[in-house]
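Quick notes on the structure that follows.
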């Protein structure tokens, strides 16, 4: 809104919105979005700062105060651009977070703008001073404005609610919440003031309001506030006028929006304030108003003084308030009573009860001498209070001091102590005040209840907000529970609106119901077995205390609900007993006094006096209270309530809250959140921490959180294109037309931003949070670049202009200089001098001629001037006239514009009316269809009823007999019900016993698990338990010494007591008793010590067993170490031999190169080499023999792997024999064919290929052998597993059979009970069938009536057809008229366009446009008048609605066309005005054309008149048609009245019949439900038993599988070890490679151990889940002996797994460090066992930690074993590759031998063959060298194979990650099982509740059966009446048809 529009708000404008100047200044303020930020602050929550630097996740910033702070990067929050300063709707902030919201509120509050929107919220801050924003001028300015059209205000919220109610036909509500002192009451008053002012402008008379003795309804609604505030408001620390109750005010409106009535509901009145106030607070205002002495007659009537300090109940705090004038407030309260219609008697009663409460507080009592009973200490105040209450003073005192109490069936008088009497007085005073306040509310509602018709309402909820105090009690729980429900309601509503916005805009969005976020907390409070339920249950038990209530809360919710927590008590604060996690924060609650507060007990003797009071008001207040004797019968029969007195406070609050939520769910809500800025009541000061606390509590930040989930920023396409086109102008070209949406899409797609951060709707573009700020930053950067460029170009242009001027000056100076120099050169010439003299003479003659010419010219100019002056005057006159005409035309255009605006508004209203009518038409059609269906049903039922009418008369006698039988059966069923209740009570007791047994079994099971874990801990807790046990032993020794000292002290005390025996006998007795007790304690201690000693001896024996096992393991380890040493030495030897061989090969190659020299030397060297080679071969054979010896020794130890290795050796030998045969063949070929050496080489190459293939085949055979061996091992393990499983399952089968026998016995008893109940239900069903038969006969009569009604409806349809024909004729006339008018107006438009082209002048165009607009306006007015008439017809006639709807759409199109044409004419007007300015000089020439145009205009006016005459004729014809319509309408109205009467009568009869039928059906359904529920409950019990059995079996199976896994892993480890020992021979040759593999394996082992640490947490969670599953075993396990047996088995399993774990770790790590560590751990365990004389309680606490560590170690061992198996497989693969390489090496060695042999032969041949042969040998040597290189390449390939194995290890790590995922899946499965367990528990609870409800329903049904007969008689009489009435109506209808 502009400043001119804001002027409508008057003086309030500056307090509502920033001016345009301020907005411009804010937008031009320098701002850097990258550095401006908020940082957290200890005092101020957040402060503004500028970022100085960033490094390492830390940000250094400088605050506004100059302070430098360093914070984490995620704690820094960006500031919003200046565009968003003091923004009205905080949801539009681009950076929407806590500091942005806080500072926006703070800056607006500093400018006194106290109202701010936050999405759906309106946040208001208390200004603590008067602001001119509520006067009548502001009310008028806000009326009818949309929320976006006006500044934020409570009036805007109110008006929107009012407008929504009128347009949407939906009830509205305004929810105002906040802390005390935040301004809730003031805003509530303003809302009511607004509604009273805008909705009551019409009729202010009192004729429709008979209850209004004084004042109108509006006055009464406004005056209800002062009356309620006097009795419900009080001064508190924060607020002088704090409402101490919540209220929901419903203001009802009629169909037109006028006030109709109002009513008020109140919640949670603070009763305790009546008798107690804090120092800085005071009681309710009414007490001090009475004592203000403004009305002395009141003081005399109430027998009080004017000094508040005379009365204890009202003087505990302050007695006066500076801001409140109690005397004036008394007059306002009294006048409010008068306006609200209170009688004098009612006013006096209210005042008397208020005075009596003050006297109550002054009553004194004292204790009787030598008794604890109380007696009155003076009766003056008691007499006064009794007089004012209309009681007898003596009876009152007697009732207080000696109330009557019922004991059994008799009443006894009970004596009260002084404290009990004072408590009783306080409770009575509070109860009287509360009931009086509730009566006032009821009385005010009766006054505000008028007889005016009401259709909709607007509810205003004023209730306390969320409360988190240091001390939170029952009241805070109720308030916070209420706010939790309201916040859930808001969350759900808010996101529903967001979703509707997204759906309307066509944005894809997945629905999220944020309303469910708070469901867990709400369920915790209100659901069965919730906090409220447990509180009410405890109130039922006489011996219940606050601590038992706390224990039940802990048992049911601690650890089971995340919202229920154990509080952390802080020193200096009051104790808290439990904590609840609400949406606004965690609240600690103190439960002291909750049971008394909830029960709110009263002295029933005094209440009985109240009921008999002579004061009418007092007797009325307590008339509904049921005392003990009145409620006795209800108790005995188990009724629902013990009257109203037994209804607890929590139950009443829940009931009221459910009603409120039901009301709110039927309304469209609006939310107002009030904020208190500071606690000092200082205006303009805002305390940041206080405000942040409230924003969290009242849901503003919660609302922002929800808003941020979607797209909080949204801009219209046009606005976005206009503002951000500058970012990329090329995306939207200037010259061509592009739709705004397409332009926005192109623009955003061209920018470098995340496309998921925005969405395109139908009319708007939606942005995620923060993106708009990024766009603003990009726009600012773009603008700065553009402005910089413009500035540069402008400066350049200016400088170029200046430079051009300088150049021109220089050129001019040069010309002047040249001319002066030329003149100076010729001025002394004689001819020049002569020229100077003659020149003036020549000029004088010329001047004379010029003067004559000038005189002539002057005369001519003078004449022309005179003519021009005359012409100018004429033109001026014409200009004045034209200007006048122009102004007139402008005024006319403005008037036409206003008229057009009015027409548009009326058109909008018509469109709205059309929509409403369409809705009504739909409703009427639906109603018509329903009525037709009902009519059909009624006619059919009518026929049936006529047929059955005769049968009914016969059945009446039968019914009387059946009724007598039913009465007998009723008595029988009552007896059965009693028996059933007794049986149910017995069942409840059985269930309670079962639950106790269940708990006992759970505890026993838990104890057994603890024992099991303790036993496991004794093995696995190493260093930690050692230290702790040593400390415990020291503590025990210290405690033993202390016990000895205590014993010595006691003996000394005993001797001293014996010496003092003569002093006093009483002290001796006491001391002897003490001595006896101490001796008993000592005996107990000694007994405990002996027990612990026996336990220690057992533990020592166990430790000895463990020590033996450790020694065996150590011996085994030593053997393995010796074997390892032997392997290492063998490997060292082989490595040495290999190095020697390689060295020798190198020497051979060198010698072969030198073979070209002397052959004799070479022969000698060859011989030496051969000798050395022989020696090396012998050494190698010896080494192989040694290795074979060691391998044989190992094979003897491990017989399983001998066969496998033997087969492998056989295969290798076969391959070797083949190779040797081939070698011999090669030798023969070499001897035979020495000349063909090349062919031999080729043959050799081929044979080598063959050998390689054979070797591959051999490898394949070996792999197959390994697989078969592996499968054989698997079969053996499976066999062992199946044997163990069979044994275990046999044992479990025996246990389960015993268990099943127990369950079957229980099931038989339950089935017997169920059969009894079934028999009872069948008897009841027979009675029901008899009644159902009677009901069917009544239905037959009803069907006959419905047939009659159908005939009436057919007649009605006939009339409607006649009416529709008339309406169709009207529609034809209207369409004819509209088409003619459209054609004529189009002709006018064409003619005026031709006129405009001919005139080409602005004034003519203006006149043409004006004429056009006037004609359009006239025709439009006529059409609108006709439309209004037709709309009235439409409202009267439902049948013609469809036709009128089509015509209305046509009219809308025509109106849109005219509107478009008018806009075109406006554009033509603007263009013509521009032309008028440029062509004003040509007006004179165009005068003739103007006159011709006037003639044309007159012709068009004549045509217009003809058209108007035709229109008038048509309107007359329409008027005649309308008369006919009116006559038909009258007939239709009469018929409708008769139809409505008949329909209402039929509906009443049908309703009564349906009601009776429903009652009987409900009774039958309830009986069936009871039967089904009992059967379902029994089935569920059976299912629970079966489920528990299955769970137990599942747990046993899981234990068995874990045991099998352990055995498999152990066998696998042993098998791997055997294979490793068997493969040692092959690994000896490749020792270096094996060492490298071993080092890599160690690295992978370390990685696996690190991975084990990572997965340890997940395994812990899985173990916890397993523990939860194990608890289910306790449901079916009845004996502790079974658990002990399982304990023994599990111990054995643990010992086995422990041994396997140690073996696996020892085999994997392969170092002696682990052995030494285990040795030290075992020795420490031996020491620990000796010192296990610890206290049992301390030992149990430490056992839990140790058990956890044991589980971790066990899981770690399992993981390590599996990793070891995987690593062993990998190692086996590497060993296979190394074996392959070894075989290749052997082959190479064999080829070397062959080559050596050939070399020897070659040398011999060389001796014979000479140099040629030597050259051949050299060539052969070169080929061998090439082969050697090839072998080296193969070696490199083997290295590559090793790298592949490394990649395989990486794949194994990936498999471990998959194992992690499997663990996660297991965890999910465990969670699901836990949820199922909880669901089963919940079902059991619901079954118990259902049983209780079924019993109550059973009792209800009996009562309803008694009422069924009476209702059947009533229905029959109504049917007879309806028959007579329908006959009369049929006769009337026939008469009407004949007329």
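Cβ from N, Cα, C; glycine included.
Among the ranges 634-656, 657-679, 680-702, the one that Swiss-Prot lists as region 'Actin-binding' is 657-679. Looking at 759-773, 774-788, 789-803, 804-818, the range annotated in Swiss-Prot as region 'Actin-binding' turns out to be 759-773. Feature region 'Disordered', per Swiss-Prot, maps to range 1908-1939 of the set 1876-1907, 1908-1939. Annotation for residue 179 (ATP binding site): spatial neighbours 238, 464, 465, 467, 674, 676, 694, 697, criterion Cβ-Cβ under 8 Å with sequence separation of six or more. The local packing around residue 183 (ATP binding site), expressed as other Cβ atoms within 10 Å of its Cβ over all shown chains, amounts to 23. Residue 1284 (phosphothreonine) sits 76 Å from residue 181 (ATP binding site), taking the Cα positions as reference. In this structure the C-alpha atoms belonging to residue 181 (ATP binding site) and residue 129 (N6,N6,N6-trimethyllysine) are separated by 13 Å. Note: the CA-CA distance between residue 1277 (phosphothreonine) and residue 184 (ATP binding site) rounds to 79 Å. Long-range Cβ contacts of residue 379 (phosphothreonine) within its own chain (separation 6+, distance under 8 Å): 393, 397.
A sphere of 10 angstroms centred on the C-beta of residue 1284 (phosphothreonine) encloses 14 other C-beta atoms.
Note on the binding-site residues 178, 181: the fewest other CB atoms within 10 A surround the CB of 181. The two recorded residues residue 182 (ATP binding site) and residue 417 (phosphoserine) have their Cα atoms spaced 44 Å from each other. Under 8 Å, Cβ to Cβ, and six or more positions away along its own chain, residue 184 (ATP binding site) finds 176, 177, 178, 243, 462, 463, 464, 674. The local packing around residue 129 (N6,N6,N6-trimethyllysine), expressed as other Cβ atoms within 10 Å of its Cβ over all shown chains, amounts to 10. Sparsest Cβ environment among the recorded positions 180, 417, 1139 (other Cβ atoms counted within 10 Å): 1139. Note: the ATP site is recorded as 178, 179, 180, 181, 182, 183, 184, 185; in the same chain, 126, 238, 239, 242, 465, 674, 676 also have Cβ atoms within 8 Å of that site's Cβ centroid.
Note on proximity: among 129, 183, 185, 417, 1139, the recorded positions of the record, the Cα nearest residue 1090 (phosphoserine) is that of 417.
In the structure as shown, the Cβ atom of residue 1090 (phosphoserine) sits within 10 Å of 10 other Cβ atoms.
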